[in-house]
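**Q** As listed in Swiss-Prot for this protein:
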| type | residues | note |
| --- | --- | --- |
| DOMAIN | 9-261 | domain 'Pyruvate carboxyltransferase' |
| SITE | 17 | site 'Transition state stabilizer' |
| BINDING | 17, 18, 171, 200, 291 | substrate binding site |
| BINDING | 18, 200, 202 | Mn(2+) binding site |
| ACT_SITE | 21 | active site, proton acceptor |
């Protein structure tokens, strides 16, 4: 495949969805309006809006949001004129009923997300989204956990259901550039030429931007990123950094770098109650290949049981826990506590 640097990249911002994890889903409506205005001014292509765990993610298991998904979507819809509103749906958390409501509130793009081995559970939701006329994306989470060829098979399933774009989501921020190359090439080998591919990076190994750049060089059409990297774990690929690199490379991204830089520092970074950065705990996520949104839950469990967050995260990695198993974090903490007591006996 010949890389075409003049091809228009689709810039997908996830500050108002993945970024919600970084502040335990506590954005105010004024926050989302201000962020949406800045992103729309900068001319990103889509703005993803939802609880961090997607439509109807607000729950005891994942953490309650300050507002409902529909309140957030409606708030953003009133502020934008260029970008499309995207949303995320995990089958089993959100339903087709929730998707219909999100569409009526203004969402026009949906990413139907499953664990990387469970594409088959997305069929109903992808078909329903296509029937609504939505831009319908298949989103394979924790993509580091299976070989490239197996991941491509799962993407092919989502394509067969009607998805017109397939995303590789490095939810654990655990992949290297070669991992990205292998998976992008595997996608391209089996998907239809007209099916787009996307990259969703996390920055736990400080490779979020590098991995996104490599993905584009391998033919990726859509790139996820967030202002100031606002997202689970060490965050996503920082949008303003990715755009700065793309600008230096002469790529056609269509966004305004300085507007993004101002929004990152003046609007988003002040909202962080815990710095979104690579540190001992978030590096542990990437090193152990752990779902990035486990971070804040593990920190709470560590404080409650007087354990180290890193120990909990590494054990979660050993057990190959995946998104949706947040309830197991306390179980792991209790097992570690019992082991510590036994060692002291």
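Every residue, even glycine, has its Cβ placed from backbone N, Cα and C.
Values in this document were obtained by computation on a predicted structure and should not be read as measured data.
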**Q** In sequence order, which same-chain residues at least six apart have a C-beta under 8 angstroms from residue 17 (site 'Transition state stabilizer')?
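**A** In sequence order, the residues whose Cβ lies under 8 Å from that of residue 17 (site 'Transition state stabilizer') (at least 6 apart) are 48, 49, 50, 51, 52, 54, 86, 87, 88.
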**Q** Look up residue 17 (site 'Transition state stabilizer') in the DSSP assignment and report helix, strand or coil.
**A** coil
**Q** Within the domain 'Pyruvate carboxyltransferase' (9-261), what mean pLDDT does the predicted structure show?
**A** 97
**Q** At 10 angstroms around each C-beta, which of the recorded positions 21, 202 has the fewest other C-beta atoms nearby?
**A** 21
**Q** Whole-number Å distance between the CA of residue 171 (substrate binding site) and the CA of residue 202 (Mn(2+) binding site)?
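**A** Checking the Cα atoms of residue 171 (substrate binding site) and residue 202 (Mn(2+) binding site) gives a distance of 6 Å.
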**Q** Starting from the Cβ centroid of 17, 18, 171, 200, 291, the recorded substrate site, name every other residue in that chain with its Cβ within 8 Å, sequence order please.
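**A** Checked against the 8 Å cutoff, the neighbours are 14, 21, 52, 141, 169, 202, 231, 232, 236, 292, 293.
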**Q** Would you mind reading off the Cα separation of residue 21 (active site, proton acceptor) from residue 200 (substrate binding site), to the nearest angstrom?
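**A** Rounded to the nearest whole number, the Cα-Cα distance is 15 Å.
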**Q** Look up residue 202 (Mn(2+) binding site) in the DSSP assignment and reduce it to helix, strand or coil.
**A** strand
**Q** Can you tell which of 18, 171, 200, 291 has the most other C-beta atoms within 10 Å, given these are the binding-site residues?
**A** 171
**Q** If the Mn(2+) site is taken as the center of the Cβ atoms of 18, 200, 202, which further residues of that chain fall within 8 Å of it by their Cβ?
**A** 14, 169, 170, 171, 173, 201, 224, 226, 231, 232, 236, 237, 292
**Q** Please report how many Å separate the Cα atom of residue 202 (Mn(2+) binding site) from that of residue 291 (substrate binding site), as a whole number.
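**A** Checking the Cα atoms of residue 202 (Mn(2+) binding site) and residue 291 (substrate binding site) gives a distance of 10 Å.
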